[in-house]
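Read the structure below first, then the notes.
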Amino acid sequence: MNGYARALLLALGLLLAPTMSAQQAGADDAKDAPGSGEVLLLDIKGGIGPATRDYLRRGLKRASEEGAAAVVLRIDTPGGLDAATRDINQAILASDVPVIGWVAPEGARAASAGTYILYACHLAAMAPATALGAATPVAMGAPGGAPAPGRQPGSQPKDAEEGEGADGKGDDQQPADDGSAMSRKSVNDAVAYLRSLAELRGRNVDFAEAAVRDAATLSAGQAYKQQVIEIIASDLSQLLAEADGRTVKMRDGEITLQTRGAAVTTVEPDWRFKFLAVLTEPSVAYLLLLIGLYGLIFEGYSPGAIVPGVVGAICLLLALYALQVLPVNYAGVALIVLGVALIAVEVAMPSFGALGIGGLVALIAGSLILFDTEVPGFGVPGQLILGVGAASGLMFMGVIWLAARARTRPVTTGIEEMHGARALALEDFGQGEKGTVRFHGEVWQARSEVRISRGQELRVVSLDGLVLQVAPEASPAPSKEGAT
C-alpha cells in the first residue's frame, strides 16, 4: 500500500510541476512588468529652480501611488540651478515608475541643466528640430563667456565632433588652460556626474564629457546617431508607440514598458508651484527685499502706523526665504541694505547730498551684483534696477528740495504763526460775542467785531489770552511782519 501511495504522489508531482512553474513564471513577469495604469505627463519649461523641483517630486509621487505605466517629462529649458537639478535627478533615479525624458515640442531645447535631467531619465527622446548640450557649469563671479578650463585645445572627443560648442565654432574653440582652481573643480565634478549618468543608462559617455568641458551641443538627429538618446518622436502618441516594448533598468531590476495606446493625464502645476515660482523669481525677491526694508524704516519714522511695519516684515521674511534658495551674492545684499539705510538717514537728517548720493550708489551697485550668476532666467532685469534707482533718486531729490525750501522760509512760531491763519466757525455768534471756531484742528473760543455765521471761513487777527480775535476771510488782513 505504501508503494502504491508513493507512486501516486510521484505521479501527481510530475503532473503539477509544469503548472507550478508556469505560475511562478507569471509571478516573476508580474513583478517586472510596469503598472497597467495611465501615463502621466509633466512639463519642465523655463528655468529650473525650487518650484520645478517640488512640482516634479509631487508628480513622481502621484505616479507611484496611482501605479502609472510611465511618466513623461516634456523638457524645454535653457538651464537652471545646480542644486535643484541634482534634487530632480535623485528623484528620477529613486522612482519606481519609468521616467521618459522627451525634449519637445519642435524648437525646444534641453540645454545645461536640461541635459543632466535627460541623461538621468530611464528613456531619452527628442522631437525633430530640438537640441541638447552646453552643460558647462557657470561659475559664480566668472566673466561671461569664459570657456571651461581643463581640456587642451583640440582634445574634444571624436563622438562630439559633429556637435557645436557654445559659440557655434565646434572644434575651433580654444578652452583656457589657466582656469582657476575653483572652476576646474566645478567642471571636473560636473563631468564625473554626467559621465556616471551616461554609464548608468548606457549612453554616449564621450559626448557627456564634451558637453561639460566644451559646451558641445547636438541636434536630435545627431543625438540619436551618437546614442545619446533612444527615440526621435514628433508627438506624444508616436513617443508612446516607440517606447512600448522597450526594456529599461530600474533599481529593482528591468521593466518592459507597456505604453502603446495608454491614456495620458497631464499633471498641471498647482497653487503651491505657482506661488513658489513667483516667490523665487529673482525680480520678485529683489522687490520684496526693498519693500521689506522700506516698510520697516517707515514704521520707525511713524511708530504706531502698524501697516508699514506689518507689510515690511512679511515682505522681508518672504524675501529672505527666496534669497535662501537662489544663487545670491551676499555682498550685493549688504550693499542694498547699506544703500537703503543711507537714504533713510538722509531723509531723517538731511546732509544735502552726501548720504543720499552714497546710498543711491550703494543701492544700484548691490542690485547689479545681487544675483551673481549667468544662469538663464535667474537675474534681475536692468530696466527694473534702473527704475528702482530712479525712484530712489527722485525721493532723494525731493528731500533735498524740502530741506532747501525750509531754509528759505521765515521762522514763525507761537503767536506770530497764528496771525493771518485760517479758522472755521462752528456756530453763529454776534458782534462782540464769544463763539467757537476750529483752528489748526482744535476748538478755540473766538470773538469778532461783526456777526459770524456757522461754517463761515475766518482768519485770525490777534490773540487775547486764550480767545482768538477773528474776522471774515473776505476782510483785508492786517499788514504785519511774520504773518502768513
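Our numbering is plain: 1 for the first residue shown, then up by one each step along the chain.
The backbone N, Cα and C atoms fix where each Cβ goes, and this holds for glycine too.
TrEMBL lists transmembrane segment at one of the ranges 119-140, 383-404, namely 383-404. Within the chain, the transmembrane segment (352-371) has long-range Cβ neighbours (under 8 A, six or more residues past its boundaries) at 282, 286, 326-329, 331-346, 378-380, 385, 388-389, 392-393, 396, 399-400, 403-404. For the domain 'NfeD1b N-terminal' (41-138), residue counts in helix, strand and coil come to 38 helix, 30 strand, 30 coil, using DSSP.
Taking DSSP states H, G and I as helix and E and B as strand, the domain 'NfeD integral membrane' (284-401) has 92 helix, 0 strand, 26 coil.
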